[in-house]
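**Q** Structure in structure tokens, see below.
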Amino acid sequence: MKNYTEVISLFSLLLLLLLLSSSSLASDNPEVDALNALRHNLVDPNSALETWVDSSSSTPPCDWFHVSCNTDGNNVARIDLGYSGLSGKLVPELGNLTNLENLELYENDISGEIPMELGNLKNLISLDLYGNNFTGSIPVTLGQYFQLRFLRLQNNHLNGTIPKSLITLYTLEELDLSNNKLTGPIPTELGEITGLNKANLSGNCLDVEGNSLKSDTRFILDSSRDPTRCA
């Protein structure tokens with residue numbers, strides 16, 4: 001009986017230490033927690049994230065490499081990790097970076113699905129995830145942005161249809177969904193976005209024939225289907 005009690009006590013102590021250790025890694029700043037969640041989920045062979053350290057401080061991570069804060073220095077406004085050799089997956093905690101204006105993760109080897117929580121980033125101006133290995137569908141939540149100007153998701157492995165929610169991106173200037181595996185119709189309402197200068201939808205498996213956007217010079221479409229892509 002004594003040995004059993006000692007084992008239970010030891011287990012309780014270990015559990016308490018584990019809980020204390022986990023809580024010590026959390027900070028009072030949800031932006032720090034979001035960035036650290038991303039760091040823990042990525043493989044970083046080039047040490048691009050070497051200054052992203054676990055911290056219990058509430059200080060904004062404005063001095064971390066590849067992170068920029070807004071003019072008052074209180075919130076993360078830009079993450080620029082293009083061409084950083086990163087792999088792994090994105091995390092839903094990125095949706096807590098609600099003051100983010102630019103998310104630049106292009107030309108890496110990041111895989112998995114694009115988190116729907118990215119739709120929470122209402123201040124986003126540019127979302128550049130091109131040149132990775134993202135799969136799954138384009139989240140409908142990406143149509144929730146108020147001031148997005150650049151949405152570039154080309155050269156991935158995205159499938160499914162183009163979400164009709166994208167037609168509400170009234171501030172959009174450039175849309176590039178080329179070289180994915182998208183199927184189905186192209187929402188003709190995209191042509192009603194007056195500020196849209198370029199929309200490249202080529203290299204997919206979309207229903208192009210008969211679409212009125214074929215005559216819109218802003219849109220790059222193709223009617224040929226790559227059998228290896230559209231099988």
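Keep in mind that glycine also has a Cβ here, set from the backbone N, Cα and C atoms.
TrEMBL does not curate its annotations; it predicts them automatically.
Keep in mind the model is a prediction, meaning the values are calculated, not measured.
Here's the feature list from TrEMBL:
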SIGNAL    1-26  signal peptide
DOMAIN    29-70  domain 'Leucine-rich repeat-containing N-terminal plant-type'
DOMAIN    91-200  domain 'Disease resistance R13L4/SHOC-2-like LRR'
**Q** With a Cβ cut-off under 8 Å, give me the same-chain residues at least six positions beyond the ends of the domain 'Leucine-rich repeat-containing N-terminal plant-type' (29-70) that come close to it.
**A** 76-81, 84-91, 93-97, 99, 101, 110
**Q** Give the mean pLDDT for the domain 'Leucine-rich repeat-containing N-terminal plant-type' (29-70) on the 0 to 100 scale.
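**A** In the predicted model, the domain 'Leucine-rich repeat-containing N-terminal plant-type' (29-70) has a mean pLDDT of 90.
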